[in-house]
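*Asks:* Below are the features I grabbed from TrEMBL:
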type     : residues : note
DOMAIN   : 314-447  : domain 'ZU5'
ACT_SITE : 437      : active site
ACT_SITE : 439      : active site
DOMAIN   : 448-589  : domain 'ZU5'
ACT_SITE : 579      : active site
ACT_SITE : 581      : active site
DOMAIN   : 781-866  : domain 'Death'
């Protein structure tokens, strides 16, 4: 092996190829191990080495690692069967990321047939690839003990999978397995079986023949039952069955002599056998447990009898009785109230709210995926858990983020146990949670959080995002058990290079640790972090390696390298701490690394966006304003180009999730009407990267447009700075010049005819004063209807029909005003208003008609008018109430 390293070094010294310095070229080799997956051109290096030294040292390699993201991997596979001494082979993907930051799966879909000639191979890792079936050549590996095929697309396993008689460890997590072959019971030496996060619905009875199995993970599947034969697994220590659809579990599991953990959380268990309930290591949270266990037939029949409520748009309440019900809202939110959840009838009121950043406090790297759902009465306690399914917009970084439902208690937000699934024919993503009381709910994407309870005897916690990151708690680290949470933010070398403009800067994933205790650990806790990309223990320059300690807001990063004892292996750095915070491993020649890390961390939280200002082709006074993430600009414009026209998008700017900004119309253009989202004449927006930051508004000009067009503009300005952004960014945003973001031109064409150019109040129409609605919700006045009529245009017939007018009425209105579109619109709208002025639901009907006619813009305008009326009414009631209270107090004082 030393000879191979020398050969690699000599090749570089001779100037052939482009492997870099001899030290780097030789660093991939350690003893009989060849680690090439840390290099972007690892396969090219291997092929050159194999070609020139085939008869010598290369064939003696026993441990080989290659990246399946390498474009030359297919060619390299043909050489691997020649490595007769190979014992361990790693062909993993996940070494590259796409444009959204998600880990890319490798390119492997098959293996060459002569792959089965590797008679010495005991360890094979094919994770993060694209296998849909397991290559048959794997079944011909007689010495194979460890097989990892996680994060692929396997639908089934071969029928003769049991022929791998020496297999002791098998992981197929995160695939699409629907069933297992009976031959799996023939794996008599298997000790660890991980089939989590698949689509398994049934297990074969033969799984009970795995007598040496110590850990079995079946979590995150679709199992409704498990076979009694699992009670034969006498060596089993840990059984993971959480996040399935289990309605029952066999009582015989209690007889397993070595079982130390049985996880049944987040299933559909209404009852648990008494033998299992008494066991101290059973975890059952998230199940609809009741006092009795109904039979499956009775449960199905009671489900069929449950009342189903489908609420239309505009409805905002429903009643739940002790019989239970299923409720579906028009926005796609589902509820399941089991029988007995409410002892007495309860009126449930709901509404959907736009999140206010002063109230909805997002944490670092959180992404908002839904509006806020408010359920009233707040705090009402149910006898059984109510299930809620909330649709959300799928995030674009699924590997390092997880979706959770977050609820507000009145004082703080907390995350609920959440399951994610795709529901209905459209396969929309929904987040499922169970609650005992109602308040406010929303869906967010957060960094994947791993947590554990640290006992006095110690434990191990590792990251599911990057299993190479581990935290080891020794015995005696704590006297009382404490909860510990771990989150990881992967940072690619490309991101570091783009931000720092320095190809020499590299960093490991950012590790965020927290605990529920303010007391330091009694003994040092060991932390293992992977070395930065391209750095190994053999080519490591220790003077360039820095351990940074960050506060919980990422405001300061201190270099603590000299304060800790660093140990190194070929791939990892290990150090010890007694208190938790954020830790980041950097490799650079720079001296003031804390400032660089602070800059990088700030930029990682920023989104690059563009502003759009478009005018509707049929009605240029209708303006669409939108803030769009940079990568979405082209598809958004393509979708709008048939109905809108306008200038090119603005230059790119950067914004934080939940940041406020304003749009102001200038140079002779103003907003046409009073709106509740206007602040000092400016439209208020909140930027959320996955929600539509879009508003359609109507503008006007006080300038006389009969003679010429008005060339104005819309400018975008920063608003209040969120509390959680870095201090430096906050300082840079202060001052009048720093508030401006972008300006786009708006042109209102020459006005050919104004609504008020005609004699008479409304083109000759005369109606008594109109007030649709009521004082509490706000009125639609005659002036409001006139403003709405100006927007209707050629859609008036469709709107009239959706308002309930007959075809004959529409035809008559059209004929009577056949030479004037404006009169047709006014006649239709005001005739309907006059006929329905006494109907308390008329405003809701008008909003629904606009939506059904494809005029969401007008529906939004009406809702804005109504919301403004609500606010004014509430303020007047509050003001009157305060005056009355003041008068009462004055009278009391006088007495």
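Note that Cβ sites are derived from N, Cα and C of the backbone, with glycine treated the same way.
Remember, TrEMBL labels are computer predictions, not curated facts.
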*Asks:* Around residue 439 (active site), how many other C-beta atoms are within 10 angstroms of its C-beta?
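*Replies:* Its Cβ has 17 other Cβ atoms within 10 Å.
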*Asks:* Around residue 579 (active site), how many other CB atoms lie within 10 A of its CB?
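*Replies:* Within a 10 Å radius of the Cβ of residue 579 (active site) lie 12 other Cβ atoms.
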*Asks:* Neighbour count, 10 Å Cβ-Cβ cut-off, for residue 437 (active site): what number do you get?
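*Replies:* Within a 10 Å radius of the Cβ of residue 437 (active site) lie 14 other Cβ atoms.
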*Asks:* Round to the nearest Å and give the CA-to-CA distance linking residue 581 (active site) with residue 439 (active site).
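*Replies:* So the alpha carbons of residue 581 (active site) and residue 439 (active site) sit roughly 32 Å from each other.
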*Asks:* With every protein chain in view, what's the tally of Cβ atoms within 10 Å of the Cβ of residue 581 (active site), excluding that atom itself?
*Replies:* 15
*Asks:* Rounded to the nearest Å, what's the C-alpha distance separating residue 437 (active site) and residue 579 (active site)? Just drop the number here, would you?
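*Replies:* So the alpha carbons of residue 437 (active site) and residue 579 (active site) sit roughly 36 Å from each other.
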*Asks:* Please report the distance from the Cα of residue 439 (active site) to the Cα of residue 579 (active site), rounded to the nearest angstrom.
*Replies:* 35
*Asks:* So how many of the residues in the domain 'ZU5' (314-447) end up helix, strand or coil by DSSP?
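*Replies:* Within the domain 'ZU5' (314-447) the tally stands at 0 helix, 72 strand, 62 coil.
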*Asks:* What is the pLDDT of the domain 'ZU5' (314-447) when averaged and given as a whole number?
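*Replies:* A mean pLDDT of 86 is what the model gives the domain 'ZU5' (314-447).
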